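Annotation source TrEMBL lists transmembrane segment at 14-34, 41-61, 67-87, 108-129, 135-153, 174-192, 204-224, 236-256. Among the features that TrEMBL reports, region 'Disordered' is placed at 290-312.
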Amino acid sequence: PYLGQGGHAYLQEWLWWAGLLCMGVGEAANFAAYAFAPATLVTPLGALSVLVSAVLSSTFLNEQLNVHGKIGCILSILGSTVMVIHAPQEEVVSSLASMAEKLKDPGFIVFALCVLVSSLLLIFVAGPRYGQSNVLIYVLVCSAIGSLSVSCVKGLGIALKELFSGKPVLREPLGWVLLVCLVICISIQINYLNKALDIFNTSVVTPIYYVLFTTAVMMCSAILFKEWQHMVLDNIIGTISGFLTIVSGIFLLHAFRDMPFTPDLLPLFLQQGRADLHALWRTADRHQSCQHQPLLPSEDKGSQSAEEEEEE
C-alpha cells in the first residue's frame, strides 16, 4: 500500500531482511577494510560490489547484460586498478587519543556542522516538498550522513585494534560515542536510501548515490586524515582519473541496462553487408562519372533540330 510513497512496507518482507543480513556481512568486511586502508581507497572500490551484482543478476536472475553493461564492468575494473596504484597515504592514527585530536580539528568541525545543517534542511524542508519528485533530496541525505559514518567506522576500527592488543579501550568514552553515532548514521542512511529506491528507479538511484557518497567520503577523509596533503601531482591525477573512470563505468552499467542492443543500432558502415553495398555504389558512381551524358538526350536533340529549322 505504500509503494511509491516512501513508506515502510518493505519491513514486512522476509526477502528484504535477508538482503539486509547479507549487506550486513558485506559491511562487516568493509568495516575491517577501513581499519587498515585509507577511506579514499576503500570507498571507491565499493563499485566492485555493483559489478558483482550485475554479473550475478545476469547469471542467476536471467537479466540481460548488454554491451553497455559489459563496457561499464571493464571500466570499473580499470578505474579500480588505477586507484589502487595511486592510492593516497593517510596520516597514521594508532590510538583513540590520536583520533580524538583529529576530531577536534577546526576543519573537520566545520565540515561536520555543514553536513548536519544541510541534512536537517533536506529532511525537514526540502524533503516534504520535493522528495517525491527529485531524486537528489534523499540521496544527498544518505551521502552526507554516510561521510560521517565512515569516520565513525575508522575510529571504531582503531578501537578494536587497541582492544585486541590488550588496552583498556572499553573505559574510553570516545569509543562508545563513535558507536552510538555510527548506529544513528546507518539508520538514517538505510531509511532514506530505501525511500529513494521506493520512489525512483534503481538504475537512477544507484549511480547517483555512488558518486555523491564517494565524493562526500573522499572530502571528509581528506579533511580529517589529511590523505591528500603529501600526495604528488601524478598520484592526485591518477586517483581522480581512476575515480572518474569508475563513475563512467557505473553510469554505463545502470543508465543503459534496459536498453536493447541490436545490430540495427550500429552505424551503417559497421553493419553486415555494408562493405559490399559501398563497393557497388562506388563502382556505379565511377561509371556514371565517366559517361558525362546529359539527363534528357532525346529532348535536347529535338530542341536543337527545331532551332536549326527556324534558322533556315
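Just so it is clear, glycine is given a Cβ too, placed from its N, Cα and C backbone atoms.
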Comparing 41-61, 67-87, 108-129, 174-192 for Cβ pairs under 8 Å with the transmembrane segment (236-256), the winner is 67-87
Taking pairs 6 or more apart in sequence, does the count of Cβ pairs under 8 Å between the transmembrane segment (108-129) and the transmembrane segment (204-224) hit 3 or more?
yes
Go through the chain and flag residues at least 6 beyond the ends of the transmembrane segment (174-192) whose CB is under 8 A from any CB in it; none is fine as an answer.
20, 96, 99-100, 119, 123, 138-139, 141-142, 145-146, 148-149, 152-153, 155-156, 159
Taking contact to mean three or more C-beta pairs under 8 angstroms, with sequence separation of 6 or more, is the transmembrane segment (67-87) in contact with the transmembrane segment (41-61)?
yes
